[in-house]
Amino acid sequence: MTVTVGVLALQGAFFEHIQLLKKAAEQNFLPDWEFIEVRTPQELERCAGLVLPGGESTTMSLVAARSNLLEPLRDFVKVHRKPVWGTCAGLILLAESANKTKKGGQELIGGLDVRVNRNHFGRQTESFQAPLDLPFLGEGAPAFPAVFIRAPIVERILPHQKGIQTGETELEETVVAPSRQAKGAAAEAATADHVEVLATLSRPASQIATQGRDISPDKELGDIVAVQQGNVFGTSFHPELTGDARIHAWWLRQVQAAVNIRNKLGQ
Ligand code: GLN
């Protein structure tokens, strides 16, 4: 049976994701997979997994709301707990809390118990590429060429709460995702109450010092740039803007495992 994986195609780098997903499927010898652009609830309904691309999270959430996709997306991620991967702006949408957001400026989907710091490294002109160690790609895997463009980082891992992240609602310029409960055995199996840090970006102290920042070794020297909580995966950077399909291949294996569990549980 064909497995359908979608890429949210409202704005941003969705085309590039589709290309790399196809390449990754070939590498994984997955002939019966199809990759579709998702713009409607009906297209989302067909998907076993979903990628939220990089771009502009404010625009994406506004267009999603206008296309009546915001609630179906929350159902997909938080109620059905199907596998989802957000890159950059996509990671922001998957966070339970995001700062530097004006009131009414944007809505979140949620799913990851984290607070993201938007535009952590500054403006577009401060974009950069850095070799990143990604241990989840296997021991001794060559560094990944990670592209950071106005990237968010995970600045805080939040304690898991069943409802919304109440502690976060008090903060200024911070938006919090609405709460939804997982439904059904497959969704329960795909839920985790802890966030796993999959990668951090260490930057030389000298580089930070030239930017005139205070150096706090715990925080500044190890920015969290990849996390996973159950079926929800997020990266600060843009693997779709490289020719390197290793993360896409890894993630498709996660989707395959989730599909197997769902089939076994018969839902
Ligand atoms: N800074 C952007 C936002 O807030 C994300 C940038 C990106 O996806 N490259 O949505």
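Counting begins at 1 with the first residue displayed.
Just so you know, glycine gets a Cβ as well, placed from its N, Cα and C.
Not measured: the values here are computed from a predicted model.
Take the L-glutamine site that TrEMBL assigns to G55, E56, S57, I149, R150: the candidate from R81, R118, R180 listed for it is R118. Residues within less than 8 Å, Cβ to Cβ, of R150 (L-glutamine binding site) and separated from it by at least 6 positions along the same chain comprise C88, R118, N119, F121, G122, R123, Q124, S127. Neighbours of the L-glutamine site: apart from G55, E56, S57, R118, I149, R150, residues of the same chain with C-beta atoms within 8 angstroms of the site's C-beta centroid are G12, G54, C88, A89, I92, N119, A151, P152. Under the three-state DSSP scheme, E240 (active site, charge relay system) falls in the helix class. Proximity to ligand 1 at the level of Cβ atoms, with a cut-off under 6 angstroms, picks out C88, R150 from the recorded positions C88, R150, E240. Under a cutoff of 8 A between CB atoms, and with a sequence separation of 6+ in the same chain, the neighbours of I149 (L-glutamine binding site) are G54, C88, Q124, S127, H238, L241. Look at R118 (L-glutamine binding site): DSSP puts it in coil.
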